Structure formats: structure tokens, C-alpha cells
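Presented below is the structure to which this report refers.
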């Protein structure tokens, strides 16, 4: 869980006194701790911080205010399932805060490397019954030689915390059947990155088994129920201690040498992996190079071809010899991971690149040529490679391993894709959606009331077309002879017909009113009975009131009457002067631009003075408008800034004097 550093670790902050009391009650209740131990497990002033694991799982860690040791942590969004750290378990070393699992000492460093505990690695456990997903503490069981020469079994303090992958009943059945599988899913271990957040003190001393975390009943269960696995684990511990007899007369039971064997490759194994990397690059890259590409300097071959061709998962190619057969059964080898950056020339048996290449030349993998310099010394040149070598041919025809270069290439693509997605998200957050809408008005209100929809809402052209189509169908107004025509009912006639012509029409030529005969002629015209569908929709829209709607992410949409006007960008000259100013007005409806912010941005871009101010456009309406005023001809800068705000040029209108922007190919007169 914490084999890699914690990501996005937030600054720690103390929790409130009421939250601390609730946390202490949860700890005492969930872990059956003594009430007097509550202040020790949840000290006053305990800190909390948020983090992400390497698998992007959110979590919370609770820290000791005195030394910064992580005491408790949770994993998962909104999870309240508290998990103690080894620091917390060490505070109450002789208590049973968690059930105990005993395993051989050789298994602990493999668990520290990120592996889960397998079924053959369980010597015994206490209590006898454990449920699946139950939290447990993992100890190692070993033996130490006393002054009288007798062996005493000792149990380490808790060195790992995990959850049972199976119940104790299933564990017993699988152990007796010699089945493999995971016994404990390890969440946190000594020396992982969560542990390194603390003060990294010494591990508490081992204690004899009779006084340790495992009771005598558990010891009997280990020798009886778990059978051979328990005995094998104990014997390995004895053997390890016998090998250290010469270290001291009293046999240091708490020596870190018993606990810190690191899983790493031997120099010979490093050499073998480098040779495999050379074979890979010969089979995939060097064999396809032309003769003109050679010779290649040794340093260039190493840096450009061999190092990127190292296996990204070396343990899948070669298992370290430090993982013995017993410990290999106790852990899942797929969980063992060694950093491929450790595979270098200095860590190999050759220690130098020249020696390594000469050894490869003896294997007939490549050909070398030494060069001499006047000052002494010289570099080795690779003059060719043997693509027909048996190892190269066998590798090329078989399954190839994944290299560091391939992983880095995938990571670079993923990073580029994530950056592009982030840019799209930011752009969509600034997206300005300007729509023209219509609202039922005057004679068109009757139709929308007959449809049964709201007459106070605004509708897009698509909405109006859909509503009318449904209305025609529900009222059976589609002409049976020609579906392109719609029969007119009274609401449609009231909306589409002109004003009553029988009334005298005022304001005629010469101030005269229309005569009654003219009204009679209009009344004698036959009434409309049907109309083409498209023409009818157009006329209905003409009878509605025009509005516009502006939507921006994170803000309430703004709906206003009329048609939205474009942003005006105008260059103005002072009277009698040649210097001009760029004035930008009409940007308030678009919601994403502030006058002062715009002026400040333009000032930074163009290194000129600017301001945001109110101006009176005329003395008739006395309408106040915000204006951003900048000195100079700033059309390119304005275009760039508007593009960042996702305002296209269709929302802008330029009024610039001809020749004001020489050399600007995108300029057109406003």
C-alpha cells in the first residue's frame, strides 16, 4: 500500500477537541482498548492530513503531535475504518490490540518490499478463529541461543499490518492440502513510506514466546494444526541464528541483521540482466542499423541502447537468489519488485563498461575497436553486432520482455493525454454558450397555452419546431392529402392572421382614415385554411419575442430581451495627436470578462497603461457602459485574450482606422 511515496500529501492540521473525543471513543470501542490507554493511542493535539496512495486512492493519516509518527490511517473515499500503524502497535507492545500472525524472519523483508503474505508463510495465529478481512498484525518468530546453549523462541514486535484474505478455517484447510494463495493482504509495514514519515526509531526488542504476542495455546496450535509449515518456519529461524553464533557470546536477539536483509540482485545477476538488455537491443534496434551507422562509441551504446533496454520488471526475468525456496513459497513472487535503475555497470561483476563490452565480444555478440589518444587512454568503439547469434535469434523469435523505454514512452503519452484533457476541461470551464431563444408574446401566447407548456419560458428554434410538430400530431392538423401542409385551427389562425381589417386604419396618407369599403374588401377575402409546415413555423417564430441566453460553467445563465450585441473594439485618436487608444465595450453580457481584469491583462501583455472605467455613450439614453481603455493599437492582444476566454470573433466587432496595424495579416476594416 505504501511501497511508493504518498501523493498530494496535504499540510497537517490539529483536529477539534470534539472530533478527538469521538476518535478516541471509536478507537477504544473498535479495538477493545483500555479506557486509560485512549489518551496514549489518540493523544491531545493529534494532527490529521489528507493524501493519495500510488494507486490514487484517497486516505487520511493521523499524526502524533510530539514526534510526527503516523498513528492511524484510513484508505478509501469517505472511509471511517481506522487502521493502526506499527508505531501505534509498538506503544502497546504487550497488548492484543490486533490479532497476531507469526511468520519466519526471512519473510519480513519480502513483505517490506510490497508483497502479500502467502498461506505457506503462516506459522500460527492467535486467536484461533479469524474472519476474512479482519485486521491482523504480523510478527516474525525466531530462536535465540541462551548462555547455557539452549534455544529460546522469541517473537518480534508487530512489523506489518494487513487484512485476512481468507478466514482461519479456510487457512487451515488450504494449509493441510498444501495449497498456495494469499493469507494476508498487507496494508502497511515497518520501513515503508508511511513508516518513514515518523521518527524512524529503533524496533522494540523481541520477547520470549511465552510473553509475546502469541499465547502458549497459539504455539501449540502452530505445532499441531499447521504442521510442517510451522516447523519449517521455526527451523529456518534457528538456522539463521546458528549462523550468527560468532557475532557475540549472548546472541543479539534484537540485531537489525535479522530483520533487514534487502531483496537485491547479486553482481553476477546484474551482469546477466545487462547481457539480456544488450541482446534485446541487438535484436530490436542495432540489427536494423546500416553499416554507415557504425562505429558507435561505447558510452553512446550504453546510454542510448543498453540502459533503455533494461527490463522494466526484472524479477519476471530473473528471480533474486536471496529469495530462498522457503520464502518464495511464503510470498507471491509476482509482488516482488526491484527497481530496474539498480541494474548498472557499477553494480555488476565487471565494474566498468569496457570490461563488460569485451566480455560481450568474447561471446561473439559484437565487435570492438580500441582507439588511442595522444594524451593517453581512449574510448572503445563498437564496429558491428552479430544479429545471427544464437541467443539473439532465440530472443527475437520468442517472447520479448517489457523495457524501461517502453514504459517511459507509455508514461509520456499518458502524461500528454492527461495534460490535453486538463486543457480541455479548463477550456470547457471557460466555455461561453450564447444562444438565441424566443419567448411567447402577444398572439403567439394562445398556441403555447393550447400546447400546455409554460408561456414564461424561453425556447430555442429546435424546441419550437418539436413543440409544433407534437402539437400538429396531437390536434390532427396534418393535411391528409399533402402532409407538407398543416390545417389551421383557431389558435393558429389568431396567431398567423393580420390585424382585423374592419376597424378603421388611422394614420393614412394625408391624415385620412381607411374607408369602410376597404374593410369590406378585406373581409370578403377567403380565410386561410392551411399553410405549408415550414412557412407556418417561420411565421410563428416571427410572432414571438426575441431573447438571448448566455451560459458559463459555474455561473447562473443570464437571459435578456433582444439580440446580443458583439463586443466593440474601437481605436480612438486624441484630438490633434497621433497616439491612439483601444477601447473595448459591450463585454458585460458574456459573463467571463471583467473590465479591470481585462485592462490588467492587456497592460501586462503590451507593457502599456490601461484602465477599466464607466463611460456615457450618448446623452439620450444615459446608459452606463463599462469600458477597458488601453494605449496603443492592441487588436492582436485583444484577439488572443478573447480566444483564451473562448469568445470567437463572431462575438466581436472591430472599428480600426485603415493602416493602424501594419503587417497584421488578419486585420480587416470594421
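Heads up, the Cβ atoms here are built off N, Cα and C, so glycines get one too.
In TrEMBL, annotation is done automatically, which means it is predicted and not curated.
What TrEMBL records for 402-433 is coiled coil.
Summarising the annotation, TrEMBL assigns compositional bias 'Low complexity' to 212-221.
What TrEMBL lists as domain 'Pre-PUA' is 7-92. In the domain 'Pre-PUA' (7-92), the DSSP tally of helix, strand and coil residues is 27 helix, 23 strand, 36 coil.
In the predicted structure, the domain 'Eukaryotic translation initiation factor 2D-like PUA RNA-binding' (98-193) carries a mean pLDDT of 89. Here TrEMBL flags 98-193 as domain 'Eukaryotic translation initiation factor 2D-like PUA RNA-binding'.
Marked as domain 'eIF2D winged helix' by TrEMBL: 272-386.
Per TrEMBL, domain 'eIF2D SWIB' is recorded for 445-500. Taking DSSP states H, G and I as helix and E and B as strand, the domain 'eIF2D SWIB' (445-500) has 28 helix, 5 strand, 23 coil.
According to TrEMBL, the feature domain 'SUI1' maps to 564-611.
Per TrEMBL, the feature region 'Disordered' maps to 199-261 (among others).
TrEMBL lists 499-518 (among others) with the feature region 'Disordered'.
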Check your understanding: For the domain 'eIF2D winged helix' (272-386), what are the DSSP-based totals of helix, strand and coil residues?
Key -> 56 helix, 15 strand, 44 coil
